[in-house]
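> What TrEMBL shows for this protein is this:
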DOMAIN    2-82  domain '2Fe-2S ferredoxin-type'
DOMAIN    138-168  domain '4Fe-4S ferredoxin-type'
DOMAIN    178-210  domain '4Fe-4S ferredoxin-type'
DOMAIN    222-277  domain '4Fe-4S Mo/W bis-MGD-type'
Amino acid sequence: MTGVRFTLDGREVEAAPGETIWNVARRVGVAIPHLCHLPRADYRPDGNCRACLVEVEGERVLAASCRRVPTPGMAVRSASKRARRARRMVFELLLADMPEGAARDDSGIFAQWAREMGVSASRFAPETARPAPDLSHPAMAVQLDACITCGLCERACREVQHNDVIGFAGRGMEATVSFDLLDPMGASSCVACGECVQACPTGALLPKSVLDAAGRRAAPPAKEVASICPYCGVGCQVGFRVRDDRIEEVVGREGPANAGRLCVKGRFGFDYIAHPERLTKPLIRLDGAPKDPADCLDPARARRHFREASWDEALERAAQGLARIRDGAGGPAALAGFGSAKGSNEEAYLFQKLVRTGFGTNNVDHCTRLCHAASVAALLEDVGSAAVTAPFTAATEADLLLVIGARPTENHPVAATFLKDAAARGAKLVVMDPRGTGLDRFATEVVRFAPGQDVALLNALLHVIVEEEIYDAAFVASRVDGFAELRAHLAAYAPEAMERLSGVPAEQVRRVARLYAGARSALTLWGMGVSQSVHGTDNARALIALALLCGHVGREGAGLHPLRGQNNVQGASDAGLIPMMLPDYRRTADPVARSFLEELWGAKLDEQPGLTVVEILQAAERGEIRGMYVMGENPAMSDPDLAHARAALARLDHLVVQDLFLTETAALADVVLPGSAWPEKDGTVTNTNRQVQVGRAAVPPPGEARQDLRIIADLARRLGLDWPQLQARDVFGEMAQAMPSLANITWERLERENSVTYPCAAPDAPGEAIVFRDAFPTPSGRARLAPAGLSDPGEMPDAEYPFVLTTGRELEHWHTGAMTRRARVLDALEPAPTVSLAPAELRRLGLASGQRLRVATRRGAVELLAREDPALPPGLAFIPFAYREAAANLLTDPRLDPDGKIPGFKFCAARLEPA
Ligand SMILES: Nc1nc2c(c(=O)[nH]1)N[C@H]1C(S)=C(S)[C@@H](COP(=O)(O)OP(=O)(O)OC[C@H]3O[C@@H](n4cnc5c(=O)[nH]c(N)nc54)[C@H](O)[C@@H]3O)O[C@H]1N2
Ligand SMILES: Nc1nc2c(c(=O)[nH]1)N[C@H]1C(S)=C(S)[C@@H](COP(=O)(O)OP(=O)(O)OC[C@H]3O[C@@H](n4cnc5c(=O)[nH]c(N)nc54)[C@H](O)[C@@H]3O)O[C@H]1N2
Ligand SMILES: [Mo]
């Protein structure tokens with residue numbers, strides 16, 4: 001590749017093929033103003049604002065340098081008098097229409113350049129009447145008096161995030177930014193990703209959190225700390241902008257998983273850490289105060305049962321209670337710990353080490369059990385490793401994307417932008433889900449099927465691929481075992497035979513099978529719809545078989561990607577917060593692994609695998625587990641069949657909860673320890689793409705709240721372990737010794753590079769984004785095609801409970817609502833619990849949207865507001881589990897998948913009636 005030589009202000013420079021004059025100038029340190037141009041790869045240069053005009057020798061008109069690509073020998077003058085005067089004129093004209101002669105964002109790109117060029121007043125009179133501000137959205141202020149119609153917001157909304165809300169109404173001088181059909185922003189279909197706000201050069205769009213009373217952002221941005229978003233497994237790199245120890249604004253940084261983009265939670269959901277209900281002192285339950293599950297309904301009520309205590313007293317009380325049980329009749333097996341996928345890798349590692357060596361049991365688990373446990377079981381069985389084989393950004397190279405049982409536009413919104421990018425580029429997109437999803441409008445095929453019938457659908461696809469011999473025969477021959485058995489098994493699964501169960505026309509199954517098998521490279525992404533089922537492992541087996549059969553693993557643009565949920569669920573699992581596995585998935589029964597860690601930790605390890613999340617609570621209800629330590633989890637909201645789960649927690653002799661808030665779980669505790677929120681700590685997290693990323697403390701914890709890492713170590717010492725007080729970087733060092741997967745990743749390297757993918761072959765090599773190119777990490781090096789059979793999807797509807805109830809999430813809320821219901825913007829966007837139903841079902845019940853409805857199952861009942869949702873099929877009702885006043889999990893069924901031990905959160909029988 002040879003570059004193009006030309007001169008810039010008399011200096012010889014070279015442009016890469018396709019590189020614009022503006023980009024070359026920036027690279028060599030020549031500053032040219034820009035407004036409508038955002039120097040990010042995903043923003044197309046538009047050249048409409050003329051702020052970047054330069055003179056090209058021999059050309060009559062000035063050229064927009066953001067778009068113009070140089071030709072050999074071209075002489076470009078960026079600083080000629082003519083170019084400078086033209087650019088000045090552009091700024092003056094724009095300024096004429098702005099309030100008080102300046103932009104609304106004094107730190108924005110427009111104001112910076114205006115200052116730089118010495119343009120502070122305009123010779124021109126305002127052209128048009130100033131539009132009134134639109135303050136209808138809880139998060140963003142629209143003040144179009146400062147708008148220069150540069151179009152960046154439209155590109156942000158349409159081309160970068162593919163949300164298609166912002167457009168231009170009117171023509172020429174009258175053109176104005178509009179949301180949908182000239183709706184107020186707050187009433188539009190805007191999903192509040194804030195991409196437009198981040199792109200706007202003038203402050204016409206600003207986050208409300210930075211505005212002064214006059215609607216301006218006055219001072220330049222305060223300190224910006226580079227960290228990671230605390231919400232989902234995408235792992236967006238963020239900048240926390242801090243003033244006076246308060247986060248004022250969050251901006252997207254260009255991390256490998258987000259390329260500068262964020263979603264509503266990451267950008268606007270940060271103020272939970274400063275909510276008045278934040279715990280700032282340790283609490284101890286008053287002697288004799290009853291543990292009443294009804295307190296879970298109202299933390300304020302629960303608070304009366306506690307008194308504040310010193311850290312010394314609280315830690316001593318916490319440790320003594322655990323030690324008494326450990327050393328008593330039940331022994332270590334009467335103790336258990338739930339660690340956190342919301343904390344750092346270092347915390348997760350120390351937590352499991354504390355339970356294994358300080359409690360003396362493997363009863364340690366975390367929310368992964370309620371999440372991808374079934375996927376993990378199937379992946380370990382079939383390909384030998386549970387992490388993704390390709391990052392979601394492999395969508396860029398894929399020519400087909402299959403998304404099943406996941407709604408990335410709501411739950412992994414920034415990952416969704418990459419999928420939408422791929423579809424816009426021409427990749428095929430197949431979406432399979434019982435409910436309509438936000439990706440449907442980008443899809444080539446939308447396969448709506450009956451809930452719980454994944455095996456029927458997937459086996460039918462497999463049947464067609466085998467029958468029509470369109471599988472990847474070479475891949476099957478060289479890389480996988482079990483083909484003959486699978487083929488025999490599939491004979492009974494013709495799409496015509498499965499149609500009755502899955503509801504999918506055989507013709508569509510055949511079409512999709514050919515599409516998927518015929519793709520050059522397909523990326524297979526899935527979520528909770530596959531995993532959270534009493535036969536979730538079978539669902540995942542069938543899906544994995546589909547990818548293996550077609551050879552869609554271990555190549556560019558191909559791979560298996562179970563979208564990981566929590567910000568650190570990949571890392572917490574890797575670090576060993578799993579009852580049957582030590583760090584790096586080595587079985588507790590493996591004597592080599594045990595003795596290696598016994599040496600490193602200087603402690604004896606139990607070879608018996610421990611109990612899982614739901615099993616632990618069931619054992620607690622039977623009185624077999626007597627003491628628990630729960631950090632950064634809220635099982636009194638997130639576990640199935642809450643009446644029982646809460647009774648189990650209440651029955652414990654000793655419960656220690658370490659959280660940010662007096663959660664529904666903490667309401668049942670004996671000791672509550674106030675921990676640190678993510679923006680308050682240093683530490684690493686591992687995202688869904690296997691990227692280990694580093695977060696840095698931006699603000700201190702409030703009051704007497706302490707670093708989680710320190711609390712774990714303090715408890716360990718009080719339980720008799722000889723642990724020094726370590727910083728995150730030191731713990732990372734020990735962790736890297738315990739975990740071969742972290743080879744060649746050091747704290748120093750992470751500080752330097754912010755993100756490194758594991759596995760990584762050398763200290764200076766990039767990590768391996770795509771794995772299993774030549775072999776699978778199984779004893780034979782080959783993968784396994786595992787046949788999956790049909791079984792009931794769970795508790796079947798009947799005359800008494802005729803509906804199927806499914807549960808899950810909304811864009812704005814995080815799980816049990818502990819964080820997001822305490823984030824002002826998010827709570828304002830989704831303030832109340834709802835049950836969504838197909839319009840026809842709503843009519844049948846004689847209800848309209850917004851009316852109260854009672855939903856009952858064999859386990860409990862809740863009341864919530866009805867919401868009409870045409871994306872739901874008849875017979876299916878959806879409830880998000882974020883609302884304590886109508887906790888979805890009072891309704892759900894605790895039956896477990898036999899292999900993954902995951903409950904079927906997506907399916908149980910329910911009755912609906914007007915309240
Ligand atoms: N906004 C937000 N984002 C989140 C979270 C959050 O709480 N809020 N949580 C994070 C976590 S931990 C996780 S695990 C992820 C989860 O992210 P997703 O996997 O997207 O989770 P859900 O929305 O629970 O369910 C996904 C889909 O499963 C479908 N489904 C229901 N029944 C079936 C079925 O029988 N078969 C199939 N194939 N599909 C079915 C539902 O219709 C839904 O579209 O999200 C993460 N991101
Ligand atoms: N009905 C139904 N139930 C479900 C699901 C479903 O789809 N339907 N999905 C399941 C899934 S996939 C998951 S992952 C689980 C999630 O279940 P949980 O993990 O129990 O839910 P969260 O609300 O994320 O709980 C996190 C807790 O950690 C606290 N926290 C946050 N950051 C920190 C920190 O830095 N330090 C400390 N000490 N605490 C912190 C929060 O305040 C909160 O109380 O829910 C499961 N339950
Ligand atoms: Mo999850």
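Glycine is treated like the rest: Cβ placed from N, Cα and C.
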> What residues elsewhere in the chain lie close to the domain '4Fe-4S ferredoxin-type' (178-210), defined as a C-beta under 8 angstroms and at least 6 residues from its ends?
35-36, 38, 43, 98, 103-106, 108-111, 134-148, 150, 152-153, 155-157, 160-161, 163, 165-169, 216-217, 248-249, 251-252, 260-264, 267-268, 271, 409, 413, 811, 825, 829
> What is the three-state DSSP composition of the domain '4Fe-4S ferredoxin-type' (138-168), stated as helix, strand and coil residue counts?
12 helix, 6 strand, 13 coil
> Go ahead and report the DSSP secondary structure tallies for the domain '2Fe-2S ferredoxin-type' (2-82): helix first, then strand, then coil.
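So the domain '2Fe-2S ferredoxin-type' (2-82) is made up of 9 helix, 19 strand, 53 coil.
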> Could you please provide the mean pLDDT value for the domain '4Fe-4S ferredoxin-type' (138-168)?
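Taking every residue in the domain '4Fe-4S ferredoxin-type' (138-168) and averaging pLDDT yields 95.
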